[in-house]
Amino acid sequence: MITLGVDPGSIVTGYGVIGKSEAGFRVFDYSAIRPGGKCDFPQRIKYIYDTLEKVICAYKPTQLSLETAFYGKNAQSALKLGQVRGAIIILAMNYNLKFVEYSPREVKKSVAGTGNASKEQVAYMVKKMLSIDDEKMALDTSDALAIALCGHFKSASMAASEFKKQSRKATSWGEYILQNPQVVVK
């Protein structure tokens with residue numbers, strides 16, 4: 001499974017593409033998208049969309065993990081963030097990607113072990129987990145990689161849980177019928 005993690009922002013949007021192999025995680029790409037403040041807002045959204053579309057076409061992820069909206073005190077910033085998130089969600093739907101989103105607390109907990117971790121602690125853990133030696137990595141980018149890792153961990157956990165449900169053995173004929181109603185001929 002290849003996961004594209006996105007830390008959305010109206011000024012800087014971070015992204016990271018990771019996959020899991022037998023040897024561990026593989027990092028395909030990561031960067032910060034900076035449309036520039038001189039273009040108008042719709043052009044910034046288009047720039048973010050176009051850049052992420054190129055990433056999707058290049059790496060063919062199966063899942064897009066996005067951080068849920070952060071609710072700050074500035075309503076205008078929240079509206080802009082919502083528009084960026086909307087464009088990213090549409091992009092995921094256009095490419096039939098599994099779309100999942102996680103709160104900042106969930107992401108921090110899955111990577112750093114605590115939902116109260118600082119951005120710097122998250123960046124440190126991401127670099128350790130993915131064997132990245134990049135002193136200049138933007139925090140938006142390390143957040144995006146953390147979001148991708150969280151998506152990967154949660155998907156693997158859900159798959160294991162579903163497998164457990166499917167492989168439960170019935171201890172009696174009645175339980176078998178209850179667990180498999182499709183086998184009953186009426």
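Using N, Cα and C of the backbone, Cβ positions are placed for all residues, glycine too.
According to Swiss-Prot, the feature active site maps to D7, E67, D140. The Mg(2+) 1 binding site annotation in Swiss-Prot covers D7, D140. Per Swiss-Prot, the feature Mg(2+) 2 binding site maps to E67; the stated evidence is sequence analysis.
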Alpha-carbon spacing, D140 (Mg(2+) 1 binding site) to D7 (active site), which is rounded to whole Å: 6
Distance, D7 (active site) to E67 (active site) (CA atoms, angstrom): 6
Around the Cβ of E67 (active site), the count of other Cβ atoms that are within 10 Å: 23
Residue with minimal Cβ packing [other Cβ atoms within 10 Å] among the recorded positions D7, D140: D140
